[in-house]
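Visitor: Got a structure for you, written out below as structure tokens; questions coming shortly.
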Amino acid sequence: MPHAARTLTLLGSTGSIGTQALDVVDAHPGRFVVEALSAGGSDVDALAAQAARYGVRAVAVADAGRADALREALRGAMGPGAAEVEVLAGPQAAAEVAGRGSDVVLNGITGSVGLRPTLAALAAGSTLALANKESLVVGGALVKAAAAPGQIVPVDSEHSAIAQALRGGAREEVRRIVLTASGGPFRGRTRDEIRTVTADQALAHPTWAMGPVVTVNSASLMNKGLELIEAHLLFDVPTDDITVVVHPQSVVHSMVEFRDGSTIAQASPPDMRLPIALGLSWPERLDVVSPPCDWTQAASWTFEPLDEHTFPAVGLARAAAAASATHPAVYNAANEQGVAAFLDGRIGFLDIVGTVERVLGEHEGAAAADVTLQDVEETEAWARARADELLARR
Ligand SMILES: NC(=O)C1=CN([C@@H]2O[C@H](COP(=O)(O)OP(=O)(O)OC[C@H]3O[C@@H](n4cnc5c(N)ncnc54)[C@H](OP(=O)(O)O)[C@@H]3O)[C@@H](O)[C@H]2O)C=CC1
Ligand SMILES: CC(=O)[C@@H](O)[C@H](O)COP(=O)(O)O
Ligand SMILES: [Mn+2]
């Protein structure tokens with residue numbers, strides 16, 4: 001029986017997740033209708049070309065100053081048809097477009113600026129295919145409270161793996177989540193050896209091609225810290241029952257250990273099109289978009305403990321999750337400032353996590369377990385300002 005096409009809104013459509021989502025759409029003609037796109041505004045020509053190709057009804061850019069350039073690019077790409085495309089612009093444009101709803105809203109924005117779009121998609125009743133882990137980490141209980149059961153479908157590869165391993169099983173049977181980490185480009189090095197690494201070295205991920213922020217986060221293991229909190233929130237598993245293990249091949253994307261000692265792992269070559277496709281079609285699987293493991297070839301999968309001394313970011317995430325409802329927002333905000341400063345060449349690599357640790361240490365934390373959007377945004381503003389002060393002294 002033919003499937004009804006699902007309508008999609010793609011946030012961050014020009015980025016790594018966004019363009020791979022469009023690859024998935026292309027590979028499945030008739031399965032998806034792209035209704036709306038959103039991006040920051042750094043490449044309006046690419047955004048306009050996407051809008052023309054998929055015949056969308058709305059396009060949003062965060063940078064209001066790029067709205068006219070986007071309209072012009074749309075005219076160039078579509079001719080008179082451009083008049084039919086609504087252009088939304090400004091810091092709230094992504095949330096506005098997400099709030100109009102689609103069957104599925106994919107949040108592929110980078111950073112906690114994705115929080116309002118996440119909340120808007122949930123309020124609209126759309127299924128939220130979530131790549132933007134930062135919005136869940138900083139929003140915490142606020143995002144969980146806004147989501148109906150099953151409304152958030154993880155796209156992050158580890159969390160997609162866990163969701164697949166948990167499918168059909170009872171939560172009481174889960175004893176442990178095993179979150180795999182590639183270890184990044186500096187795996188096996190000492191703290192002294194990574195003190196002077198460059199941005200280019202940090203951006204050379206051994207197994208994944210991704211946007212710059214998540215790539216640097218992988219190198220510092222801040223990505224795994226964010227993912228630990230993400231897993232805790234998505235699957236209601238205490239952080240003490242989440243183990244991070246380094247698996248340099250990035251083929252086993254994570255595992256669930258059950259009470260009887262059985263462990264279920266999800267394996268596939270590192271290619272985000274698989275978890276993206278599953279995020280868009282959940283709970284159904286689509287035909288293969290990315291090649292599976294080739295079992296005719298010899299292969300080795302290795303696992304090793306994380307060097308917590310060289311990479312303290314995961315331990316800091318555990319402490320942040322335990323400290324208060326607003327500590328995770330501080331963890332992320334200070335990191336975002338640190339990554340920007342590192343990529344600008346203003347600080348050293350170790351200063352990123354060092355600054356996160358200092359700002360966390362100065363944060364008192366919310367007294368209540370549940371926080372409001374205003375609490376989160378005020379906490380983030382404080383953490384960013386404090387991180388910037390500390391980073392300026394490095
Ligand atoms: N890439 C990957 O393989 C994976 C990514 N993720 C997560 O997915 C998210 C996206 O990552 P990735 O695709 O790599 O990042 P990219 O940097 O490649 O892309 C980010 C996208 O978000 C857009 N954007 C930035 N700011 C805004 C805004 N305010 N409103 C709307 N759009 C905005 C960018 O547009 P512009 O360039 O114009 O600013 C761009 O389209 C992150 O949270 C990341 O951690 C998770 C797992 C894997
Ligand atoms: C592909 C994906 O999900 C990334 O978040 C990935 O996890 C990065 O790799 P590591 O953080 O394990 O190095
Ligand atoms: Mn991941």
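Every residue, even glycine, has its Cβ placed from backbone N, Cα and C.
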Visitor: Name the one residue among GLY188, GLY211, GLY225, GLY261 that TrEMBL lists for the same NADPH site as THR14, GLY15, SER16, ILE17, GLY40, ASN132, GLU134.
Guide: GLY211
Visitor: For the 1-deoxy-D-xylulose 5-phosphate site that TrEMBL assigns to LYS133, SER157, GLU158, HIS205, SER218, ASN223, LYS224, GLU227, which of the candidates SER102, SER182, SER262 is also assigned?
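Guide: Site partner of LYS133, SER157, GLU158, HIS205, SER218, ASN223, LYS224, GLU227 for 1-deoxy-D-xylulose 5-phosphate, according to TrEMBL: SER182.
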Visitor: So if I measure Cβ to Cβ from GLU134 (NADPH binding site) and keep only same-chain residues at least 6 apart in sequence, which ones fall under 8 Å?
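Guide: Sequence-distant Cβ neighbours: THR110, GLY111, SER112, GLY114, LEU115, LEU226, ASN332, GLU336.
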Visitor: Residues other than ASP156, GLU158, GLU227 within 8 Å, Cβ to Cβ centroid, of the Mn(2+) site?
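Guide: Apart from the listed residues, the neighbours are LYS133, PRO154, SER157, HIS159, LEU179, ASN223, LYS224, LEU226, GLU230, ALA231, SER254.
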Visitor: List only the single closest residue to LYS133 (1-deoxy-D-xylulose 5-phosphate binding site), chosen from the binding-site residues GLY15, SER16, ILE17, ASP156 by CA-CA distance.
Guide: ASP156
Visitor: Considering only the binding-site residues GLY40, GLU158, HIS205, GLU227, which possess a Cβ situated under 6 angstroms from at least one atom of ligand 1?
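Guide: If the test is a Cβ under 6 Å from any atom of ligand 1, the answer is GLY40.
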Visitor: Kindly point out which of the binding-site residues THR14, GLY40, GLU134, ASP156, GLY211 have a C-beta less than 6 Å from some atom of ligand 3.
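Guide: Passing the 6 Å Cβ check against ligand 3: ASP156.
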